[in-house]
Structures are given as structure tokens and as C-alpha cells.
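First the structure, in the form of C-alpha cells, and then the observations on it.
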Amino acid sequence: MTTGEKTAALAQWAFFTSLVIVVGLGGIYLPPLYFIAAVLLPLPVMMLVLRLDLRYAALGLLVGALFLGILINSHLEADLFVLKFGLLGVCYGLLFKNRVAPGKSLAAGILCSVALTLIFAAGFYFLTGNNPFVLGEEGLQAAEQWLAANQSAGLFNDLPAEWQSSFGESVVATFELLLPGQYVVTAAIEAACAFLLAVAWLRRVNYFTSAPPAFTALSLPWYSVWGLITGLALTLGGDLFSWTLAAKTGKNILFVLFYLYLILGLSVFIYFFRKVNLAKPIKISILILAVVYLPFSLMIILLLGVVDPLVNLRRLKP
């Protein structure tokens, strides 16, 4: 590498590292922008991997975490935020650099994001002693305020008076029970949004990359049904034999699978909705009925999502 190339590489490294710091500051100092920052932060790290190499990306990530740790009082929170989403950027950078198929890249990115979320949650618990999967005082106060606001708005008026207090407690308990699943679902959504944004950006700058998979082509392998079987077995066995951890694990697995099968079922529904040749007024009527009878529609879509991996309703090629 010539002197000019080294200077250009250093300039690119400084630019993308600065972006990591700026985006990290925005996500931590401005909580409403947390999700946007979480989706944006992997991109500059990914560009470091693509334009330079993994060493520059690792150094930029460490420098960004160090600077944010100095600038922000909550050093651990800042470092975990940058490292978590920065490592996701490294993952996407390596996947794109090695020309991995878009569908496999998306799946790998989601799995990486979920794994990083669980690893950093465990690290946070080990370093601070605070369990991120349990509501703290602030979380409980926020939940109580939310319930009080809904109660004052009259949303619970249809319930008997003796049920209203217990209903609020059960809502908070259920929310806390499914916190791990909520972390997993959020991590998957963040990874998917970051992937779509990364593909759009790379295609805009003419970096060779294939188009992301069509929504109607989303699919799961047949053996994914073992996740559903495991979730049901742990839930039923845990409740039957009073195994709290097993029951909680099973319910969180089912919670995550609910969203996964719902998305897959929606993909199947849209596929056939487009493929079936019906008059436009009839299709509009079907959509109106689906909205009017939303609970029934969701049940049908969920059923499509569960059945499709087993019988391949759309006859998609593996």
C-alpha cells in the first residue's frame, strides 16, 4: 500500500469512525431515536469492512466505544450499545464482502443480532448484577403509570371492579414474563431493518449486491416445526410439574414464534392474493372483511405460517 493509499484509508477510517460516535451519541442521549440509531450504527462499521478490512473495522469499533465511554456517564451502557450494533455491522460487512446470498445474509444477520443481544444481556447482568429480563423500579413505575392512564381513560370500565386491580397486575406480570422474547423480537427487527437499509445503500453506491428476497418468497425449513414442539413441551411440562424456568422459556419461545409465523403467514397470504385471478372489487371486499374480522384473519394468517414449512403451500424451490 502506497503512502497515498494509506492516507486515503486513514481518512475513510476517521470518517466512518466519527459516524459511529455521532450515531451512538444520538441513540443514547435521545431515547426516541434509539431504534433509528440501532439501525444506522451497523452501516459505517460495515463500510469499514467493505472498503478497508476487518482490522480497521475492529479498531474503529474500539475507538468509538472508548470515546462514547468518555463522553457519557453511563460507560457500560454506551460501550455495550456500540459493540452490539457494531459487531452486527461487522457481520453484515463480512457477508456482503464474501457475496453471500441475500436470503442467507438476512438470516445470518438476524441470528447474529439475537445472539449478541442475549450475550450482552448476560454480560450486563454479570457486570452489574441487574437482571435485564426483570422489571426494575423504573420499569414497574412506568407500567403502573401506563395502567393508571388507561384506567382513567375508561378502557377497563367493562371489567368488574374486583377484576380491575388483578387485571392490571396480570398485565404487568405477563409483560415481565415475556421480556426475553421481546428482546429477541426487537433484535430481529433491528437486524432486518439494518439489512434492508444496507442493501439499499450499497445498491445506491453501485456496490455489487443482489436484491433482497421478495417478501412473498420468505420461507422456513420443515424442521423449524421443532421450535414449536419444544415451546409447547416446555410450557406444558413446566406448568404441570411447576418448573418455573422451563415454563418461562417455553412461553418465550412461543411468543417469538408467534411473530415469526405471523410474518410467514402474511407472506403466504399476499402470495396467493396476488396470484389468484379475481376481479378487483372482490379483492377489495376480501381486504375489508379481513380488517373487519381481524381476530379471525390473524388466526388464519397464523395457521398459514405454521402449515407452510410442512407442506410448502407455494411450491417454492429450496
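Using the three backbone atoms N, Cα and C, a Cβ is placed for every residue, glycine included.
Automated prediction, rather than curation, is the source of TrEMBL annotations.
The annotation transmembrane segment is assigned in TrEMBL to 7-27 (among others). Outside the transmembrane segment (7-27) by six or more residues, the chain places 1, 33-34, 36-38, 40-41, 43-45, 47-48, 51-52, 56, 59-61, 63-64, 67-68, 71-72, 78, 81-82, 86 with a CB less than 8 A from a CB of the stretch.
Look at TrEMBL and you will find 33-50 (among others) tagged as transmembrane segment.
Here TrEMBL flags 57-74 (among others) as transmembrane segment.
Marked as transmembrane segment by TrEMBL: 80-96 (among others).
The feature transmembrane segment is assigned by TrEMBL to 108-127 (among others).
The annotation transmembrane segment is assigned in TrEMBL to 183-202 (among others).
As annotated by TrEMBL, transmembrane segment applies to 214-233 (among others).
According to TrEMBL, the transmembrane segment annotation covers 253-273 (among others).
According to TrEMBL, the transmembrane segment annotation covers 285-307 (among others). Long-range neighbours of the transmembrane segment (285-307) within the same chain, counting only residues 6 or more positions beyond its ends whose Cβ lies under 8 Å from a Cβ of the stretch, are 225, 228, 258, 260-266, 268-269, 273, 278, 313.
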Criterion met for the transmembrane segment (183-202) and the transmembrane segment (80-96) (at least three Cβ pairs under 8 Å): yes
Positions whose Cβ lies under 8 angstroms from the transmembrane segment (108-127), at least six residues beyond its ends: 76, 80, 83-84, 87-88, 91-92, 95, 100, 133, 183-184, 186-188, 190-192, 194-195
